[in-house]
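S.K.: Got a structure here, written out as structure tokens. Questions coming.
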């Protein structure tokens, strides 16, 4: 057969693959390989077999070829076949010997020399070495060697910043602390035209920077244009669903749950099967107590994705929201059974125990989550909260400090450190932690942070810094006028100052919120007696 005729059949194979006609592709690729015995045609046949899900046959074909030992493409495809067959040890053997350190630097196993993965700056294909590093990471992850998996994922993204999947695994499996994520991102060598990608990656990692910094990142990406003009409008990333899902996640971290919910709801109208956005939407609905939305989302997810952990996690969220914690726990457990690396279900499982004050089971679940997700500070933080609930304040403080080491920019960590210091009567330390909490809040203060402001006021009152205490109580009232603690604290501070008329006024406001509050009732009587003994304030008009 002439070369032109063979080339024509190669074209047929490529066309069959593009049209997903894999049996046809296998048929014609087999004939081309038989006619030429050329390595490229053998590789094309193996590709067709792989796409047609004939993994054993594809592996046998590649392994029988001597070139598999010399050509990285052959070795990588053979390893991909073993990945699909779940033969992870054999997959690692096929990929060859290499060592990696914690910085993601790869060394030759024989001579110990550093392997350089630099690629041509003009090359827009993913570096094959990066893909091999990523596959090694997946294999180690499947073998439960998360430390090696983390190192190989780092090696993959360092070998080629275009290998997004490696970064995705590092982020979603919480393998890195917030500082490690930032350090990794700053070490990546982006080409000049990939500046937008660097900005996008910076939006994907943990976002605890100040609002102005994060908003600037989003604004920069939203203004990124394609360089082409359609009609009179520029094409930008402003309405990209991935970018908007990142922004929704940021709103959730800032405790702006209503804003987050509205954005994710709009996104899911546009793209109802965007699963990352769906997860953020579920989290926002949980915080808002929107059980109807959780029910509808859970029903749709179970119908569309019955084999995904997210679907059963959504069912668990619904039951958790309506306070049926045993049922919630059952579905969180089902989600972790489907995907053991799905961190929200692991944490939700622990929370379902904590909600019923079953501390031992809750801490056991949190410890498992902390071991599996070393870059996520929430399990460690929740262990501290459980210890604090049982008045084991020193142990609680230790775990809060561990959480701070993992994520030093989350204001919630500093708030809990302040609370435990307050309980240990270390009021000066409590003031410092609460002030750090307010300093780390990325956006303007909202009602969610009102308890922190009140706690700071309480700590100042304990130090008898009444002026500062009153200032923060009044600041808390600008955030919420429904807090008994704020009114009673303000009343008591005025009472200590000898300002009985103001104290009486605020005790009344506190009792309006909770008429049977024993402390305010008793202190109101004391304040009235004190005012009688000191004479009626001339400024108070008697009716």
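Each residue, glycine too, has its Cβ placed from N, Cα and C.
For reference, Swiss-Prot lists these features for the protein:
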type   : residues : note
REPEAT : 7-36     : repeat 'TPR 1'
REPEAT : 39-64    : repeat 'TPR 2'
REPEAT : 72-95    : repeat 'TPR 3'
REPEAT : 164-187  : repeat 'TPR 5'
REPEAT : 194-232  : repeat 'TPR 6'
REPEAT : 242-270  : repeat 'TPR 7'
REPEAT : 277-304  : repeat 'TPR 8'
REPEAT : 309-338  : repeat 'TPR 9'
REPEAT : 343-371  : repeat 'TPR 10'
REPEAT : 378-406  : repeat 'TPR 11'
REPEAT : 411-443  : repeat 'TPR 12'
REPEAT : 447-479  : repeat 'TPR 13'
S.K.: Any idea what the model's mean pLDDT is for the repeat 'TPR 7' (242-270)?
M.R.: 91
S.K.: DSSP helix, strand and coil counts for the repeat 'TPR 9' (309-338)?
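M.R.: Its residues fall into 27 helix, 0 strand, 3 coil.
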S.K.: By Cβ distance under 8 Å, which residues at least 6 away from the ends of the repeat 'TPR 7' (242-270) in the same chain are close to it?
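M.R.: Same-chain contacts beyond the flanks: 200, 203-204, 207-208, 211, 214, 218, 221-222, 276-278, 280-281, 283-285, 287-288, 290, 441-443, 446, 448-449.
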S.K.: Which residue counts does DSSP yield for the repeat 'TPR 3' (72-95) in the helix, strand and coil classes, in that order?
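M.R.: Its residues divide into 21 helix, 0 strand, 3 coil.
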S.K.: Near the repeat 'TPR 13' (447-479), which same-chain residues lie under 8 Å Cβ to Cβ, leaving out any that are not at least 6 residues past its ends?
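M.R.: Here the qualifying positions are 255, 257, 411, 415, 418-419, 422, 425, 427-428, 430-431, 434-435, 437-438, 441, 485-486, 489-490, 492-494, 496-497.
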S.K.: Short question: which residues 6 or more past the ends of the repeat 'TPR 11' (378-406) have a Cβ under 8 Å from it?
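M.R.: Sequence-remote neighbours of the repeat 'TPR 11' (378-406) are 177-178, 346-347, 350-351, 354, 357, 359, 362-363, 366-367, 369-370, 412-414, 416-417, 419-421, 423-424.
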S.K.: So how many of the residues in the repeat 'TPR 7' (242-270) end up helix, strand or coil by DSSP?
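M.R.: Summed by class, the stretch gives 26 helix, 0 strand, 3 coil.
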S.K.: Can you tell me which parts of the same chain pack against the repeat 'TPR 8' (277-304), counting only residues 6+ beyond its ends and a CB-CB cutoff under 8 A?
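M.R.: Beyond its ends, the repeat 'TPR 8' (277-304) has Cβ neighbours at 241, 244-245, 248-249, 252, 255, 257-258, 260-261, 264-265, 267-268, 271, 310-315, 317-318, 320-322, 344.
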